[in-house]
Each structure stands twice: as structure tokens, then as C-alpha cells.
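Chemist: First the structure, which I've put down as C-alpha cells, then a few questions once you've had a look.
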Amino acid sequence: MAKDLTRGLLFKPIYKLYELVLWNQIRNGPLPDHVGIIPDGNRRWARDNNLSLNDAYFYGYKKLKEVLIWLLELGIKNITVFVLSTENCDKRKQNELSIITTYIKRGIQDLLEDPIVDKYEVKVSAIGKLDKLPKDLIDYLNRVVEKTSNYDKRKLTLAICYGGRQEILDAVVRLLDDYRNGKIVKSEINEETFRKYFYDSELQDIDLVIRTSGEVRISNFLLWHVAYSELFFCEAYWPEFRKIDLWRAIRSFQKRKRNFGA
């Protein structure tokens with residue numbers, strides 16, 4: 001225990017120095033306008049540390065609060081978080097889903113009460129098959145969406161019970177309904193008009209996707225919006241994600257030449 005404490009005391013100033021070095025590297029560079037977060041690895045982190053399932057999502061919830069502050073302070077205007085996929089919504093055991101939704105609700109309560117939302121004028125929205133969520137959670141979501149509806153400086157989008165394929169399918173169905181009802185003609189159908197049928201028609205394309213836990217995939221996350229995203233995969237599990245990991249992701253983004261498919 002004493003050895004671990006000594007090691008921590010020794011590494012802390014080195015960590016802070018490295019954080020400062022990274023900050024000096026990125027502070028004057030271009031920032032992504034829209035950052036997408038896939039916070040993966042809560043359960044594996046808990047298992048490796050002999051912690052409970054509840055601990056896994058508690059520390060994941062705490063980390064998300066911390067990272068959102070980092071992103072807002074950095075100046076990121078649009079943030080989308082992959083909170084819960086449709087696959088997990090449908091396949092996870094009920095006791096685990098209960099824990100997950102408990103901390104989602106706690107996070108929504110924080111958004112209702114935290115002055116940082118008002119300070120940065122963060123507009124909050126939620127996308128996905130929200131009808132699958134518990135009614136009390138839906139009520140909290142509606143409250144925070146309504147409370148922040150007039151803010152326009154920043155935007156936080158929560159993807160809950162969300163799947164990229166399902167969103168595109170739902171958009172196609174709505175488009176076909178409008179076509180059958182004469183509300184749109186074939187010549188008017190293009191990328192711009194198609195976007196209007198998504199869950200959030202105002203959601204911008206994502207510039208940078210950050211995924212934790214070492215998994216190198218996007219897992220059905222906003223498939224349309226990540227078509228030209230830069231991807232950054234971090235080895236750390238989500239509860240271990242540090243500010244230097246975020247700075248590294250930003251530095252990586254700044255070093256890339258974006259061709260948008262050209």
C-alpha cells in the first residue's frame with residue numbers, strides 16, 4: 001500500500017507536466033465542431049478491479065460527468081454520447097438494465113440541476129427508441145429537453161436505445177409515407193431532404209469519434225453522421241479515461257488531413 005502511494009505521488013507531477021505539454025500542443029489548433037463519444041469498457045474495468053456491476057456503471061456515470069466538463073471547457077460545440085445501444089437495450093439482463101437506467105436517470109437529474117448547463121447554454125436532446133425506456137426516465141428526459149430548448153450555444157445529444165441502422169430504416173419509412181401522401185416527390189429526394197427524416201434533423205455530422213476500451217469498431221453508432229468522421233480508439237477502459245487521453249484524441253484529429261471521401 002505504501003509503495004503504491006509513493007508511486008502515485010511520484011507520477012502525479014509527471015502526469016500534470018505531460019498534460020500541460022499536450023495542452024500547449026493543441027490549444028491553438030483547430031477543434032472538432034462535433035465530438036462523438038462511445039464510452040466502452042465499464043464492465044471489464046469493474047471485473048479487472050473486482051468491483052460490482054453497480055460499481056461499473058457508477059464510475060462510468062461519474063467519468064461521463066467529468067469528460068463533458070472537459071469538452072465544454074475546451075470549447076467543443078456539439079457532443080453526442082452513445083449512452084445505450086438498441087442491442088444492449090434488448091439483450092442485457094433486466095437487473096443490469098435497471099442499474100444502467102438508474103444512472104442514466106441520475107445523469108439527467110444532474111443536467112437539470114447543474115449550473116454548467118446554464119453557463120454554457122447547452123441544449124440537450126435525446127435520440128433512439130426512447131419508448132423502450134422506463135416512464136420516469138422518459139419524463140426526466142422530456143423535462144431537460146424542455147428546460148434547455150431555447151439554448152443554442154452548445155448541444156449535447158444522448159443516444160439511448162439507439163441503433164444507426166434502425167434510424168436509417170425509420171427515416172426511409174417516414175420518407176415513403178410522405179411520398180405516398182404526396183408531401184414529397186422523387187425529384188426532391190436527396191441527402192439534404194433525407195436528413196430531415198432522422199430522429200434529430202438538426203444533428204450535424206460528427207468530426208471526431210472517440211471510443212474507449214481498445215475495441216476498434218463503431219458498433220452501429222450514428223452510421224450516417226460518421227461517414228467522414230476521424231476515429232480515435234483509446235486503450236483505456238471508460239472509467240480510466242483521462243484528460244491526457246482526450247488531449248491525445250484532439251492532437252490526433254489536428255494532425256489529420258480531412259478529405260471527406262475525395
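Even glycines carry a Cβ here, placed using N, Cα and C.
As annotated in Swiss-Prot:
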ACT_SITE  Asp40  active site
BINDING   Asp40, Glu230  Mg(2+) binding site
BINDING   Gly41, Asn42, Arg43, Arg44, Trp45, Ser85, Thr86, Glu87, Arg92, Arg211, Arg217, Ile218, Ser219  substrate binding site
ACT_SITE  Asn88  active site, proton acceptor
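Each of the listed features needs to be described in terms of its position in the shown structure.
Modeler: Taking a C-beta cut-off of under 8 angstroms and a sequence separation of 6 or more, Asp40 (active site) has the following same-chain neighbours: Arg211, Thr212, Ser213, Glu215, Ser219, Tyr237, Trp238.
Sequence-distant contacts of Arg217 (substrate binding site), defined as residues of its own chain at least six apart whose C-beta falls under 8 angstroms from its C-beta, comprise Arg211.
In sequence order, Leu97, Ile100 are the residues near Asn88 (active site, proton acceptor), counting only same-chain partners six or more apart with C-beta under 8 A.
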Chemist: Over all pairs in Gly41, Asn42, Arg43, Arg44, Trp45, Ser85, Thr86, Glu87, Arg92, Arg211, Arg217, Ile218, Ser219, the listed substrate binding residues, work out the largest Cα-Cα distance in Å.
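Modeler: Maximum Cα-Cα distance: 22 Å.
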Chemist: Using DSSP and collapsing to three states, where does Glu230 (Mg(2+) binding site) fall: helix, strand or coil?
Modeler: strand
Chemist: Counting other Cβ atoms within 10 Å of each residue's Cβ, which of the binding-site residues Gly41, Arg43, Trp45, Thr86 comes out lowest?
Modeler: Arg43
Chemist: Within 10 Å of the Cβ of Glu230 (Mg(2+) binding site), how many other Cβ atoms are there?
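Modeler: Looking across every protein chain shown, the total is 18.
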